[in-house]
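Report on the structure given below.
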Amino acid sequence: MGNCNACVRPDSKESKPSSKPKKPNRDRKLNPFAGDFTRSPAPIRVLKDVIPMSNQTQISDKYILGRELGRGEFGITYLCTDRETHEALACKSISKRKLRTAVDIEDVRREVAIMSTLPEHPNVVKLKASYEDNENVHLVMELCEGGELFDRIVARGHYTERAAAAVARTIAEVVMMCHSNGVMHRDLKPENFLFANKKENSPLKAIDFGLSVFFKPGDKFTEIVGSPYYMAPEVLKRDYGPGVDVWSAGVIIYILLCGVPPFWAETEQGVALAILRGVLDFKRDPWPQISESAKSLVKQMLDPDPTKRLTAQQVLAHPWIQNAKKAPNVPLGDIVRSRLKQFSMMNRFKKKVLRVIAEHLSIQEVEVIKNMFSLMDDDKDGKITYPELKAGLQKVGSQLGEPEIKMLMEVADVDGNGFLDYGEFVAVIIHLQKIENDELFKLAFMFFDKDGSTYIELDELREALADELGEPDASVLSDIMREVDTDKDGRINYDEFVTMMKAGTDWRKASRQYSRERFKSLSINLMKDGSLHLHDALTGQTVPV
C-alpha cells in the first residue's frame with residue numbers, strides 16, 4: 001500500500017457537514033498508539049539475540065528469498081526456496097527496528113518457542129527454522145497457498161452441514177493438540193486457518209501463534225487479547241484459561257453453519273455487551289434446517305460460564321463431531337455462502353483500511369503522552385501511584401471525582417501491583433480523552449476516496465477490494481455497500497466508514513500496542529457502566545480487581 005494520493009475537497013452541493021472529514025493536522029493531533037511508548041525513536045539501537053537459539057548461519061546460505069507474500073505490523077512474509085531441496089516455503093522476516101518495546105520482543109520469543117515446542121501436526125503450520133541477523137528475525141515455515149477457510153467454502157458450489165462438521169472437527173483437533181501440550185492459542189478465527197495448497201483434499205492449517213501463551217492447569221490470565229467477534233466473556237473480565245479457545249472455535253462453527261457471527265453490534269463496546277449477554281439466535285435461516293446435534297454442540301461451546309463449557313476433548317467426543325461423515329448432506333443454501341462471502345470480503349476491506357492506518361502511525365505524536373507521564377511521575381521512578389495520578393489529573397484540568405479516579409486506577413492496573421507503569425498509563429489517557437483515532441480514520445478515508453468527493457463510491461470500493469484473487473463479484477460489492485451505506489444514497493460517507501471500522505475490527509492488524517490499549521479502555525468502560533457486574537449476576541462469577 002502506498003501513500004495517500006488524494007485529498008478531500010469540499011463539495012457544497014453533495015457533502016453533508018457531519019460526513020465530511022477535515023484535512024488532518026499532523027502537528028497538533030495526539031496519537032498515543034504508535035510504536036515506542038518507552039523510549040525516544042532515535043537513535044535506534046541494534047537488538048541482539050532476540051531469538052537466542054536461532055541458527056548462527058545466514059539465512060541466505062540455505063534459502064533464497066523470493067517475492068513478497070504479505071505484510072504485517074512488524075515485517076514482511078516472502079516466498080522462500082530451499083537451495084538444496086527446492087522446497088517452496090514461507091519466510092516471515094520481522095524487522096528488529098520495529099520491535100520497540102519489551103512486550104514486542106517477548107511476543108516474538110514466545111511465538112518461536114511455542115511453534116518449536118508443539119509436535120508436528122497435519123493441521124498446524126510447521127516452523128522449519130529461525131535465523132537472526134542485525135536487521136531481522138527470519139522465521140522459515142510451511143507455505144500455505146490454498147487460501148483462507150471462508151474463501152474456499154465460498155468457491156465451492158455445494159456447501160453442506162456435513163462439510164461444516166468436517167471443518168469443525170479439524171479446528172477442535174487443533175485446539176485439543178495445543179491444550180494437551182500446554183499452549184493456549186488466544187486468537188482463533190477463520191483468517192488464522194489456511195489451506196496448504198489449492199487441491200480439493202488440501203489439509204487445513206492453523207497459523208499465527210503470535211498471541212499464544214504457555215499455560216499450566218489452574219493458571220489464570222488477565223491480558224485482554226484476541227479479535228472482538230471471537231472473544232470469550234471471561235477475557236473481557238480479565239480472568240481466563242484455555243476455555244477461551246473452545247469459545248472462539250464455537251464462534252467459528254456458528255459462522256460456518258449460518259454465515260454470520262453470533263455476537264454482533266455496530267461498535268466494539270456493543271460487540272462486547274452482546275458477548276456478555278450470550279444470547280444465541282437459532283431462529284433465522286438456515287438454523288431451522290440444521291440438526292439439533294449441531295445446535296447442541298454450539299450451545300455447549302458458547303456457554304458463558306467457562307466452568308460449564310465443554311473442553312476441547314469433550315468437543316471431539318460430541319456426537320456431531322464423532323459422526324461428522326454422517327451429518328446431513330443437504331445444502332445449507334445460497335444464503336450461507338453469500339453471507340460467508342460478504343463476511344470474508346468485508347474483513348478484507350477492513351484489513352486494507354488497517355494497512356493504511358498502520359502506515360500513518362507516527363512515533364513523534366507519542367511525545368505528548370510521554371511528557372504527561374513525566375509530569376505526573378513526581379519522584380521519577382517510572383511508575384505512577386494513586387496520589388500521583390489524582391494530583392496529576394488535577395494539574396491537567398481533569399474534572400473526575402475521587403471514585404472515578406479510583407476505578408480508573410483499579411481497572412488500568414492490570415498486574416495489580418498498586419501503581420501504573422507506562423503502558424497502563426496510556427490506557428488511562430485513551431479512556432479519558434476518548435481517543436478513537438479519528439485522525440487516522442480520516443487519513444484512511446482519504447486514501448480510498450480517490451476522487452476527493454468526500455464519498456467512497458462503488459468503483460472506489462471495487463478498486464479497494466481488488467487483489468491477487470481478482471475482481472470481487474458485483475453481488476458481494478452490492479452487499480457490502482448495502483450494509484455500510486446506512487442512508488441508502490449509494491455511496492459510503494465518512495460517518496458510515498467510521499461506523500464500519502468500529503464494529504468488530506481486529507486492531508492488531510494495525511498495531512498490537514494500539515489493540516492492547518483499546519481493549520484496556522474497553523474494559524474500563526464496561527466496568528464503569530456496570531456491564532461486567534451484570535454478567536457476574538447472570539453467571540455467578542466475579543471480576544478480579
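A Cβ is built for glycine as well, from the same backbone N, Cα and C atoms used for every other residue.
Since we're looking at a predicted model, the values are computed, not measured.
As written in Swiss-Prot, here are the features:
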REGION    1-36  region 'Disordered'
BINDING   LEU69, GLY70, ARG71, GLY72, GLU73, PHE74, GLY75, ILE76, THR77, LYS92  ATP binding site
ACT_SITE  ASP187  active site, proton acceptor
MOD_RES   SER227  phosphoserine
REGION    327-357  region 'Autoinhibitory domain'
DOMAIN    364-399  domain 'EF-hand 1'
BINDING   ASP377, ASP379, ASP381, LYS383, GLU388  Ca(2+) 1 binding site
DOMAIN    400-435  domain 'EF-hand 2'
BINDING   ASP413, ASP415, ASN417, GLU424  Ca(2+) 2 binding site
DOMAIN    436-471  domain 'EF-hand 3'
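Fewest other C-beta atoms within 10 angstroms, among the recorded positions ASP187, GLU388, are seen around GLU388.
According to its DSSP assignment, THR77 (ATP binding site) is in a strand. Its Cβ taken as reference, THR77 (ATP binding site) is surrounded by 18 other Cβ atoms within 10 Å in the chains shown. A simple Cβ count within 10 Å picks out one of the recorded positions SER227, ASN417 as the most packed, and that one is SER227. The secondary structure of SER227 (phosphoserine), as reduced to three states from DSSP, is coil rather than helix or strand. The Ca(2+) 1 site is set by ASP377, ASP379, ASP381, LYS383, GLU388; from the centre of their CB atoms, other residues of the chain with a CB within 8 Å are MET376, ASP378, LYS380, GLY382, ILE384, THR385, PHE419. LYS383 (Ca(2+) 1 binding site) is surrounded by 17 other CB atoms, counting those within 10 A of its CB over all protein chains shown. The CA atom of LYS383 (Ca(2+) 1 binding site) is located 10 Å away from the CA atom of ASN417 (Ca(2+) 2 binding site).
The binding-site residues listed here are LEU69, ARG71, ASP377, ASP381; among them, ASP377 has the most other Cβ atoms within 10 Å of its own Cβ.
In terms of C-alpha distance, the listed recorded positions ASP187, ASP377, ASP381 place ASP187 closest to ARG71 (ATP binding site). The CA atom of GLU388 (Ca(2+) 1 binding site) is located 15 Å away from the CA atom of ASN417 (Ca(2+) 2 binding site). Spacing of the residue listed as 'phosphoserine' relative to ASP377 (Ca(2+) 1 binding site) is 33 Å (Cα to Cα, whole number).
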